[in-house]
Amino acid sequence: MDGYGYQTDYPPQEDDAASDVTEGHDEEDQMYEGEYQGIPHPDEVKAARRAARAKARTMADGVSDQEELAEQYEDIMEDCGHGKLQWTLFVVLGLALMADSVECFVVALVLPSAEKDMCLSHAEKGMLGLIVFLGMMFGAFIWGGLADKVGRRKCLIIVLAMNCISAFFSSFAQGYGFFLFFRLFSGIGIGGSVPIVYAYFSEFLQMDKRGEHLSWLCMFWMMGGIYASFTAWGIIPRYGWGFSMGTEFQFHSWRVFVLVCALPAIAAFLGLMFMPESPRFLLENAKHDEAWMILKQVHDTNWRARGEPERVFTVTQIKTPKTQEDEFIEIQTATGTAFQRWVVRTLTLTKLVMKNVLSLLGRDLRLATLLMAIIWFTMAFSFYGLSVWFPDMIKHLQHEEYESKVKVFNREKVEQFHFNFSLENQVHKEGEYINDKFINIEMKSVKFEDSLFVDCYFEDIRSTDTIFENCTIRSTVFYDTDLYEEKFIDCTLENVTFLHNKKGCHLDNEEENDVLIYLVSFLGSLAVLPGNIISALFMDKIGRIKIIGGSMLISAGCTFFLFLSFSQAVIIAWQCLFCGVSVAAWNGIQVITVELYPNWSTAFGVLNAICKFAAILGSSIFASFVGITKVIPILLSFVALVAGGVLALKLPETREKVLL
């Protein structure tokens, strides 16, 4: 179906005609300085590119409507230029990408506090750490496909709203189940933002700007990590910032942090209210008038900002694909209910989304999809696996150092003594405690083995990692303590009384909010900056393939040197180097994913879902070997990165390709 015609050249003027702008100026004054040096005028370069594309279309057999639209759309975006509107959209979509990054960090940063506040077991803590990635996996698949059929802007607004609502309710959720549910819901929402953001922004970029500016957009992911770690350090240790309502409702500072983490999503949500829908999406869905108005808005906004308001938008016709059968089949009001119409629309939309997904396995795209799936998987498996392994190894080294300073007391006998000082990092073996009092103290990492307690009194005790093992306890009272019966392992309790036990778990703010937790996250995010800058500057110069392959192979070399990591400082240094090198591969992968596929939002969603699955797998596997061996995680990441890097070199180069 033919819509608006497209005229590539501005209306010619008579030789003796002069505009108000040029009147009174000498012809030589209008020449660019570069012309004197033999440098082509930018308009000449643009015209040459268009002529080359037109010649290629003429020589090609059977150019499809989709390809013709892609070529014409590229010409239109070149005329619109890159200016104010793209930069405004860049900031808004960058905030949406930043929100996705923050979501990846938030659980890891609050977990040390949340596990104590909500009395989480090891299994519950592990599930909470993975639930966001699980939600993101489903969210990427669902929203990536919907964005190609419903619209970029509309879907992005919905996913950001889901993230904001979930963050609000999860910050107030007191129980583990509700908190888990809202974090899952948040992941499903924000997981769809990445595929939409890249597809949305790429449709406002001309070909020679695409690689560079999509790479600059990736910097917001780094900013999200810095924002999360910096605000966590500034908020979570401030224990007094929270409040409580009785003993049942506690709002500690880590919950304030969860709320603050929603600010980038809120800012992006508000910004999108003033952004236009993608004109490319509108054209592909036969909404010609809306698309033309937006393209004119882009053109006029950019040229006015450049001080050339007299530039005229010259598009009169655009070749659009022939309309398919109506995608949203409506049942007439007289023949069906509102629910029936909703069911038909939903089923039709689902069918169309699945058709797009299956098209990724078509004859022309099958090999590229297989290669991209492996590259996404290997990169995510290594990156997210090591992202968990680095901080866990640092904690393990801290724990080993802490345990090396443990004080051991053998066969001590204490009678009628008042313990009014805290006990920390101690082991008491075969001791006897007769008529002793333990009042208003903290017990941290304390273990009593094979000991005897007779006529003792415990009051107002707060404990962390404290257990009684194979002890005999007689005629003893535990009043207002958090020493529950499960902390007495294989113990004999005779005439023991537990009164007014403390509810909940003890949140040890000083221990669990060690500044190193935030420092590691901050440095890892900041280290991405050099890699981001380099990849943005060279993405269009040396190509996507060399960026991806080279970055992954160099990252593999970095992981191999992790065998030499024996201290916290060395691990942090290698983490920074790995993050700085690997980000170039991430940028290249995301750019080429947009350029390879005709339904790029769907393709991005499917591949991003594979990425999140790999993240879940890598995090679980790598974390399970902490404290056991570092050989397997290092070898797994090395092999995965080498395999992905080699396969990346087999991909087609797309820097000179228009968006289909």
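Glycine residues also receive a Cβ, built from the backbone N, Cα and C atoms like all the rest.
Annotations in TrEMBL come from automatic prediction, not curation.
These figures come from a predicted structure and were not determined experimentally.
Database features (TrEMBL):
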- 89-655: domain 'Major facilitator superfamily (MFS) profile' (DOMAIN)
- 1-39: region 'Disordered' (REGION)
- 87-114: transmembrane segment (TRANSMEM)
- 126-143: transmembrane segment (TRANSMEM)
- 155-173: transmembrane segment (TRANSMEM)
- 179-201: transmembrane segment (TRANSMEM)
- 213-236: transmembrane segment (TRANSMEM)
- 256-275: transmembrane segment (TRANSMEM)
- 367-390: transmembrane segment (TRANSMEM)
- 516-538: transmembrane segment (TRANSMEM)
- 545-566: transmembrane segment (TRANSMEM)
- 572-592: transmembrane segment (TRANSMEM)
- 604-625: transmembrane segment (TRANSMEM)
- 631-649: transmembrane segment (TRANSMEM)
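By the count of Cβ pairs under 8 Å, the stretch nearest in packing to the transmembrane segment (155-173) among 87-114, 213-236, 516-538, 545-566, 572-592 is 87-114.
Proximity of the transmembrane segment (516-538) to the transmembrane segment (213-236) is established through 3 or more Cβ-Cβ distances under 8 Å for residue pairs spaced 6 or more apart. Remote same-chain residues near the transmembrane segment (256-275) are listed as 88-89, 91-93, 95-96, 98-99, 102-103, 106, 109-110, 153, 156-157, 160-161, 163-164, 167-168, 170-171, 190, 224, 227-228, 231-232, 235-236, 241-242 (criterion: CB distance under 8 Å, separation of at least six residues from the stretch ends). When each of the listed stretches 87-114, 126-143, 213-236, 367-390, 604-625 is scored by C-beta pairs under 8 angstroms to the transmembrane segment (545-566), 367-390 comes out highest.
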